[in-house]
Amino acid sequence: MRRTLVLVRHGQSEWNIKNLFTGWKDPDLTEKGRTEAITAGKNLKKAGLKFDIAYTSALQRAQKTAQHILEQMAQPDLQLIKNSALNERDYGDLSGLNKDDARQRWGQEQVHIWRRSYTIAPPNGESLRDTGARVWPYYFHHIQPHILRSQTVLIVAHGNSLRALIMVLEGLSSEEIVLQELATGVPIIYEFNADSTILSKKIIQS
């Protein structure tokens, strides 16, 4: 019996190309982002996958990516559960700011610490650990039970919420996880053993 989880970071958003801190702000996908999502769906269909249930965040860039993926897989009516527990990390006072402007205001080193530290949050925002504190319970209580019942599950979310999830799935340290980079619109496929250990991991590049 297959126990499969597919993770996809949303396609490129309008704020990605403007070099802005996005966080819980809600910009739409760019045309490139829509193409990335469509390509992801085609590649997942080509890989022979069919989802039993799908999860996404409360933000439209993730929701629309999920919808494009499911349309390409001929599953447009599949149940898509939306929850803010899967939202991007909240960047607090950095949200909406240009990253270069933020470096000028607070200094390059401080901004780098806020972006890449596991425990240090920007003013009025979340650290990666804070993000994990909402992602992990939601995954274990709501999503993992489907996988353990040998279902195939899709999660479309964000760079940091997925990074936090990958940390627990792969047993990575706080030092290792902050170095992980996730490309937009690129599916990561995990197969699990009955005891929830990873049997295989595959990244589908277009």
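For all residues, glycine too, the Cβ spot is worked out from N, Cα and C.
If you check Swiss-Prot, you get these features:
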BINDING   9-16, 22-23, ARG61, 88-91, LYS99, 115-116, 159-160  substrate binding site
ACT_SITE  HIS10  active site, tele-phosphohistidine intermediate
ACT_SITE  GLU88  active site, proton donor/acceptor
SITE      HIS158  site 'Transition state stabilizer'
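This view paints the features noted in Swiss-Prot onto the structure.
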{"residue": "ARG9", "record": "substrate binding site", "CB count, 10 Å": "28"}
{"residue": "HIS10", "record": "active site, tele-phosphohistidine intermediate", "CB count, 10 Å": "28"}
{"residue": "GLN12", "record": "substrate binding site", "CB count, 10 Å": "22"}
{"residue": "TRP15", "record": "substrate binding site", "CB count, 10 Å": "20"}
{"residue": "GLY23", "record": "substrate binding site", "CB count, 10 Å": "22"}
{"residue": "GLU88", "record": "active site, proton donor/acceptor", "CB count, 10 Å": "26"}
{"residue": "ARG89", "record": "substrate binding site", "CB count, 10 Å": "27"}
{"residue": "LYS99", "record": "substrate binding site", "CB count, 10 Å": "13"}
{"residue": "HIS158", "record": "site 'Transition state stabilizer'", "CB count, 10 Å": "27"}
{"residue": "GLY159", "record": "substrate binding site", "CB count, 10 Å": "18"}
Going by DSSP, give the three-state secondary structure for ARG89 (substrate binding site).
coil
Please report how many Å separate the Cα atom of HIS158 (site 'Transition state stabilizer') from that of LYS99 (substrate binding site), as a whole number.
18
The rounded CA-CA distance in Å from GLY159 (substrate binding site) to GLU88 (active site, proton donor/acceptor) is 7
